[in-house]
Each structure stands twice: as C-alpha cells, then as structure tokens.
Amino acid sequence: MSTAGFNSQNGTGTGQAYANGPSQNPVGLQQLPGVSYGMTHQPTYNPMQAKAPAPPGPGLYPTAAYQSGPPVSSYQSGPAHTSYPPPPGQPLLTRPAMGTPPSHTPPQSASPNHGPRMPLPRATPPPPAVSSSSYYSNPQQQPIAPSWQYNTAPAPMGPPPSLSAPPCGPLANHTNPSSSSTVPPPPTLTAYSSPQPAYGSHSATQPPGPRMPSTSHLGYTQPGAAPPPLNPMLSHTYQPSRPAYGPPPTGPPPLGPPPAGPSPAMTSTPPSTAPPLANVTPPPPKADGTLAGNGPQSPNNFNSIDNKMAGLPQPGLPGRHLGHYPSLPPGYQNAAAPHKPTSPMHPTMQAATQPYSQTTQPYQQPHGGPGPAQLSPSLAALSLQSSSPEALRVVNLLQERNLLPPGPIPAPTPCLPQDLQKINCNPEVFRCTLTSIPQTQSLLNKAKMPLGLLLHPFKDLSQLPVVTSSTIVRCRSCRTYINPFVSFLDQRRWKCNLCYRVNDVPEEFMYNPVSRSYGEPHKRPEVQNATIEFIAPSEYMLRPPQPAVYLFLLDVSHNAVETGYLTVFCQSLLDNINALPGDSRTKVGFITFDSTIHFYNLQEGLSQPQMLIVSDIEDIFLPTPDSLLVNLNECKELVQDLLRSLPSLFEKTMETQSALGSALQAAFKLLSPTGGRMSVFQTQLPNLGVGALQSREDPNQRASAKDIQHLSPATDFYKKLALDCSGQQVAVDLFLLSSQYCDLASLGCISRYSAGSVYYYPSYHHQHNPAQVERFQKELKRYLTRKIGFEAVMRIRCTKGLSIHTFHGNFFVRSTDLLSLPNVNPDAGFAVQMSIEENLDDMQVVSFQAALLYTSSKGERRIRVHTLCLPVVNSLSDVFAGADVQAMAGLLACMAVDRSVTASLSDARDALTNAAIDSLSSYRQSVLTIQQPGLLAPACLRFFPLYVLALLKQKAYRTGTSTRLDERVFAMCQLKYQPLAYAMLMIHPALYRVDDLTDEGALNINERTIPQPRVLQLSVEKLSREGAFLMDTGMVLYLWIGRNCHPNFLTQVLGVPSYATVPENLYLLPELDTAESQRIRAFIGWLRDQRPFFPTLHVIRDESQLKASFMQNMIEDRTESALSYYEFLLHLQQQISK
C-alpha cells in the first residue's frame, strides 16, 4: 500500500479507520459497506526457503540448518492487526516478530515463495492469523524456514483478515456502495496497528496510562464537518512579539541591484528543450467517476507528525519576517548537497557520506518544464547497463581475492538526469539498498535482493537551509512537502511527485525574498534543496512546546560505588552544566536508588539540597512533586552543591540491592506532566521490587555452537513502562556499567521502545579499566551537550505503488507509518523495508520523503524534510547495476536481529547465508548471457559475500566463540540503531599498516597533516612481524605491534626501547615530539573525530590477552568454528550450482 495513499488522516490510536487513497474525504474515516480491503499484488520472493545442502565445515552451518521444515503456514494479506488500544482480554504485549506477520509465520513479510526453493504444500487450509501473548515462543508455533521475504507486506491467501491492508492505488474513499456489489461483505472494522515488534519493529498497542487525545483534538475532519482552510495564516495573537506579516509584493521585482553575492541558484537557466509531456493532464477518472486526487481538501494536519491543533498563545520568535531564512548564509543555494561534512571522513565512512554529485549548479525547472514525474521518454530508454558498465563487469570471486580498494567504497550514484542528480538527497542521510527501483514486484522477486531505506534523519549537518514561513506548501492529497522533484505545470500549479495530484501555488510562495524576485516559485529554497528545515507554525503543535527537561537516575548501591562511575558522572555534569541544550525554561532533577528511592529537593531558597527517602518501593509516590524538578538557571548553585556531595554521600554504603523498577516508576511519575529525557545509570542486575530479574546466563554455554538462549526479554515490565513513557513524551537512555551479567535483553526494552539509546561499558572500573573510564568520560560529554529534539514524530512517505512495511530502530510505531520519538538525537539511525504493491509502469522515477517534526531545545517547533529521488527500471540487469551493497548489508543486519529474537540465531545465520546464495544465483541464471565456471558476481555485488561472512563472524551472530550474552545483545542493539556509516565498521573493520606512515596523499585539516594509509584485507597474511598495524572496529581501536617491529617506531611512537618493554595495558600513546608520533596520533584522532562515540585504543603484543579479540576480526581467515572467506565462497558456489 502506498503511504501516499492514506497518510493524511491516519488515526493516532483512537480506533478510527484510516482514510485510504490520495483523495482525502471525511467519509474515509468510516468503513463503507461493500468496500473490500483485500489486496492483490505479485507474490514476494522468499529468498531462503528451507533447503538441504551439506554443511562444509563445523559450526557455521548447523546440520539442521538446511533441512526441509514442516509446511509453513499460509500467509495473510497483512500484519496481524490488533485494535488500538487492544480489545478487552487481549494482552498489551505481543511477541515481536521479524517483519509484519504474526509469530507463526516466517517473520519478515509474508507471501508465497516463487523462487527456486521448495514449493509450499497446499493441502492444508491456512490457519487463522494469531499472535502470541508474550515474548516467548508459542508452544504451538510451527518451525520457521530459514528464509526472508524481503520485499512485500503479506499477500492474501485464504480468507482476508479484517482490514489487513488499505486498498492500494487511487481507490476513492467515497466509493459508491452500489458500484461495489460484487465485492464481498466488509470485514469487521478495526483500527490499524503496526507490525509486531522485535528490537525496534514495534507493536502499535496503546501504552497503558493516559490515552492519546481524541481525534477532535487533533484537527481531524469528522464526517459531515466542513474542512478548515489549508495552511491557515498564523493569528497575530499567537506570536505577539513577531512583526505582523505583510503580503508579498504583487508588482514586478524591486528595482536596484540583487543582494550582494548572488548565488548561482538565483540565476535563471535557459528553458528546457525537452518535448512537452503527455501526462500533464489531470489524473484519469477512478472507477466511480471521480478524479484521482480531487477530493475535498483535508486539514493541514500531519496526523501526529502534523499535530494540527489550536495551540495556546506563545511568545514568538522576535524579528522573524515572512520568508526570512534565519540560518542561511548568502550562498547556501550553491551546495549540491547541504550535508557535506566539514572535514574529510574516515575512509570507510567517507563513501557513505559522499554527495551523489560534487557539482554545484542547482536544479532549476523553468515554467512548464518537465519535472521528474513527467520526464522525457528518453529517460525511460536510458539503460544503466550502457551508462554503468563497471557495475555489471563480471567478477570471478574465486580468482579475484584482493577486492578491497585502497580507499573508501563509494555509494553508487543513481542513474538520473544531471539536473536531478545534482540536488538529490545525500546518501549520508537517506540511502536505498537499490538505487534503481524495479518496475514490478515480480522483477524485484526475481532479483532476490532486499529493498529498503536507511536513514540518518537528525544528523549534524554543516549546512542546513532553514525556512520561516507562515505557509508550508504541501500536497493537498497526500500531504507531501514541496520538494525539488515536483513538477511546475506553470507559475500557479505544481504536481506532487508522490501521488501526482495537481496543487495550487500559494500567493506567498510566488515571492522569493532571497533573490527579491516574484513569479519564480521553482527558485524557492524548498524546491532547491533535498534537505530543508521549516520553523513550524502553530497548527503543528498539540500543546505549547515543552521545555528541555533532564532527569538523572543514579544507581548508588555498593556495587555502583565500587565501580567509581559516580565521581566521573558528577564531575562531567559539573563541567558541562552550562552546555546542556535548553533555554531559560530548562529543568533538571535527580533520583538515586539502591533498595530504597532517594529524591532531592532542590527548591530555590534552600541553603543546601534536601534528601528525601521513600522506602515503600511497592507503592512508590513523589514526596514533594513540585520541588524535585527545578529550573536550572534559578537553582544552579543547589544543583552544583548536590553534584559535589553525591560521591561522598554513599561511599561507605553496604547496600547491595537494586530497586531499578521502582526508581523508573518514580521517574516516570515525575516526568509525565512535561515529558523530557531520563538518563539511567545502572551497574548490576535489578533484584528487588517490580522489574526484578534473575541471572539467565550460563557461562559454560557462551561458546556453544547450539542456539543462543535468552535473547528475548525475561519480563514485559520494561517494555510496558517504555510505552507509558512514549505516550508522555519521555525517552529513557540507559548507561550500563558492569562487570557482571545485567540482562541487557530485558533492560534494553526501556530504551528501545521509548526512542532512547543504550550505552554499555563492560568491566567498568575506575582503577582496573582506565580505557573504559576515558570512553565513558568522552561519550558522556557528547551525550550531555549534543543537539536534542523533544516530542518528535517521523513519517516516511513514498510514491504511489510503493509500500513500507517494517521499521528498524529505537521508537514506537504510533500508527501504521508514524514513528513516535519522545527524544531524537543526531546519532540515531533507522531502517525500513519496502515492497512494490502496484506496478510502476508509467513512472520514470519514484521519490521517498522523510519528515521529522520535533521541538528544539530552545522551544521551537521544527520540521526537517529529506527527499530522495531514484529511477525506475524494467530490466533485471539494471536492477543489479544499481545495488548498494553496503546498504544491503546494513538492512540485512537489522533483519537478522529480528530473526534471532523471534526464531533462533541459527535461523538468522542461515538466512544471511541464503541471502548471498540467492542474489548471486539469480544473477547467474537471469543476467549472465555466457555461463562460465567459478563464482561469478557483478562488480557492484563483489563485496556482498564478504559482508555476509563478516556478519556471520560479528559478535551479534557468531557461534563457537565465547561471547558474553550482554555483549551479544549490545552488538544487536548497535546494528539496529547505528547509522550505516558507523555500523559498517562494526560489520567489516578497517586494517591499516601504521609503522611506515608518510605525508604522501595526506589530508590537511586545521593545519594538521592526517596520513591516509591504504585499507588492507582482514587476513593474517597481511600482517608482518616487522610492522605495526591499526585495526578500527568502530567501538575499539587495536594497535598490534609485531615482535620484530623496527626499534625506531618503538622509540619514536611508544617511547620504549624494545618490544619487550611495551607495557601490557597501554591505552594512551605518549605525546612525543617526533614526526612519527605526531602522524599516528593525528591519524587516530582523526578516526575518532569521525564518529559520535569514543573508541578505546588498546596497544597489544603477541602475549596480550586482547590478541584473541584482534584476531577474531580477521574475517577472511578460518577459525575452529567458522569458514575462511575462500571456503565460504566455495560453499556459495556449491549451493548455487545445485
């Protein structure tokens, strides 16, 4: 189902049906008699149905991995939907599933396999869709075949479930029932819910506690009510300090010179010589005679992302005039991608952050010229095969062993017309696994590659156009924001690039205050930048913007005091207290806990903080609710006094118990009225009161080749509390500092479903592990001072015919396509899976738009919009030529986390292996014209087997190697949460030789010279006893010193005379005044600067305990329990040739 079809009036938990189709009509809020909601589309590719190869080696492919399983249950036509909130008697929590179907079906998307796998038995009737009521496996659950159905939401089979999916395409909401007499009777009316969750694929159940506001509060048009006007002007009373808006000039542009330094974006371009296009005409009539997209105007709501509601009068932003772009430098328009990093990037990240094009001439569309939705026929015939011969160059992987280039692997460039390519969204923000979208689902199934998007929506950008305007121009039908890929039919009309509705250009949009010109709407910054931010007017507010509120929840048990973290935390907050994001309304509060809960009265006027102890943890209450969260500016001295005294306050405690659950409940009560951020510091397993946990880890099973147990939560307490927090705009960030098992699988839910973050510091101790202390200090400083957005929601829209069906990341799915993000931070990444629900026959390009609505720490409501445009192709070779192998690896890593939790780790491993087998098999069978011996791949997929093997050896999925359960779960959390640039280092580390660094090819940044050594293959054969090698695994840097390393390097860099005198636990390089020392420290510092977390450095020798960890990252080498890269390629070849 196309998100463009129904995202204007989706409910937010009120039990109403969604309006489907681009024509928004109040009647669409009710189910009409005789309208069927069943869907039909191409059955999806099932890439990894059970098959039975012989495992080539121990451990990697368990003997049961490829055995045929029992019949897989028939797939339903949509997710197992529950009402929102759940009906009486239905549990709040359901077992997370991978993708959308219920837990008894293969958990990605679901429709029958038509690939080369074994056919499904058809003898038994399809069982009804069920979802289990807990995280645990359903006792009646059928075994799941180790397969993924990448690319579609479930297809219908058997009787349609109730309202399983809205109709796709331009089905009118006001269909005449009499014209649908042949349609079966409608199913029961239920509200939609999201796919079942797993590590971020969240259920849309209503959190217990206060319900969402009724629809009448959200500005929805109820049946029979007249819709309010589109984009109403702000009232003057709403922002009294803001100058009154005047109408834009109506005459010719003002005389006189243009603004100083006009950018190329403001100069006109000659009209296009392309022929006029045929599809400028209005959309064809629908089945009932109505015109697509011409229904009644819907209110200016973003649903919850629009949050249209009459806001209370708030002081405005002084001095902001109509059309003023407050943070735009004069030449902002001449950047092809506004996200170009300020400094050169790490080689393995640099590719992910390269703009699609380095040219700076922005796309400009003359009046009536062709937009991307109406491109000339020449583009349809444009073959990627002819324009990208390198991508389809045949590579025999068994012969070409040295695949890694010396520098970064660039993101593939979409094959678009030059003017569109210049301004496409930067891949560091928005990236698709396929840069050429297949025309049909059957073509996508044939390619057997996953289709999805990877986003980094709130990334810190060096250049971001910000627009203040009382009118935010959006499509009246699908609510898409105007963007560079729309078509202007003339000065007064534009066509949406998602639903193709023709919209009027508002009068205000005709004036461009930057160029002081009138009548050139295509030169506005909204149409010149694929990433842009709006200052939102009042209709985008549910309530006055919340203040920045920070609550710190600190474990002060004996175990916590022993680690020494409290001293580091208090000192860090003291150092950065003036840098906390916020304004004059910022509030802070503190709660400490052991077996009791301690509150701190910081009310203005007290001579010192008051500690209030609540020992009744079973029925927690707030002793003085009004004085526990205080204004930081007014009470800063009391806060500083508390931070100075806290470490000594508990230094002699002998209390060993931890009542974390009760402390979280207290913190939730404290933050509920305002929303905000809760920062939890925990050092042990909670063992008292609600949420108490018991150790589930058996150290003897850490290296077991069998399936790993206890990857799912032991209790639903933390997830339920997270949903409560999400409903009250509270996010929870968890800092776990422990040397013992803490059950991160259970505790992590508090952050996962509230859009928080998890930080894990294993074996943290202030004396015994100084490297972790340094990492904690650096990451805590970034955490306290980085940009933050409050009460955010995000919606991803795509062109009609495409559908989004599974989300990955930390959030809660409030409605089918709306992500609730109580907090959003610049370090969070997201991924979504997509399917093709309607053939894209008439389209040359499709577009995707992510819109993030948030409240800044200064109290401004803002909307950040990213738009990505990709070509549509109709040949399989073109689909392969556009494959983005790094994005595919990132999406598969997210999918494998879900499979590990909902099925088993071995299933996830088999599915990863089969992903490589299937894509290369499809290429060999359907694209190669001349069959040759060997394992053949197109050049664009040459790294795919390497990345799949790297995932199999990654800490999250490896077997046969001792891995602590918490560390495995944390690795899974990271793969789901980290943006792609950082996740790729965790999947495939970078190896450099650093004992012979030179200035040749070096970067010069801020008068520093940064050497650029080449990237080496991850194999021991690349190591030399005479050298020194640096391995970057994302979270950890290893500097391995060869036994015969040149004495000059030892003395000039490490400050030691010989190899034998290299200290055992060296984690800091001495600052020596030598060229060699300066080079390597500059290189390591540059690597660290490229990421938001702080990787620790370990200098290791052959005798070091950490040498095993270093060697485990040698992905291309064989271990006792895993294949070498060459053996893995032979295994793939064996499976493909079957």
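Each residue, glycine too, has its Cβ placed from N, Cα and C.
So that you can see what the record holds, here are the features copied from TrEMBL:
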COMPBIAS  1-28  compositional bias 'Polar residues'
REGION    1-377  region 'Disordered'
COMPBIAS  70-80  compositional bias 'Polar residues'
COMPBIAS  118-129  compositional bias 'Pro residues'
COMPBIAS  130-143  compositional bias 'Low complexity'
COMPBIAS  156-169  compositional bias 'Pro residues'
COMPBIAS  170-182  compositional bias 'Low complexity'
COMPBIAS  191-206  compositional bias 'Polar residues'
COMPBIAS  245-262  compositional bias 'Pro residues'
COMPBIAS  263-280  compositional bias 'Low complexity'
COMPBIAS  295-306  compositional bias 'Polar residues'
COMPBIAS  350-377  compositional bias 'Low complexity'
DOMAIN    472-508  domain 'Zinc finger Sec23/Sec24-type'
DOMAIN    545-784  domain 'Sec23/Sec24 trunk'
DOMAIN    789-873  domain 'Sec23/Sec24 beta-sandwich'
DOMAIN    884-984  domain 'Sec23/Sec24 helical'
DOMAIN    1010-1084  domain 'Gelsolin-like'
Average the per-residue pLDDT over the domain 'Sec23/Sec24 helical' (884-984) and send me the rounded value.
94
DSSP-assigned states of the domain 'Gelsolin-like' (1010-1084) in counts, ordered helix, strand, coil:
24 helix, 13 strand, 38 coil
Helix, strand and coil counts within the domain 'Sec23/Sec24 beta-sandwich' (789-873) (DSSP):
0 helix, 60 strand, 25 coil
DSSP-wise, what's the residue breakdown of the domain 'Zinc finger Sec23/Sec24-type' (472-508) into helix, strand and coil?
2 helix, 12 strand, 23 coil
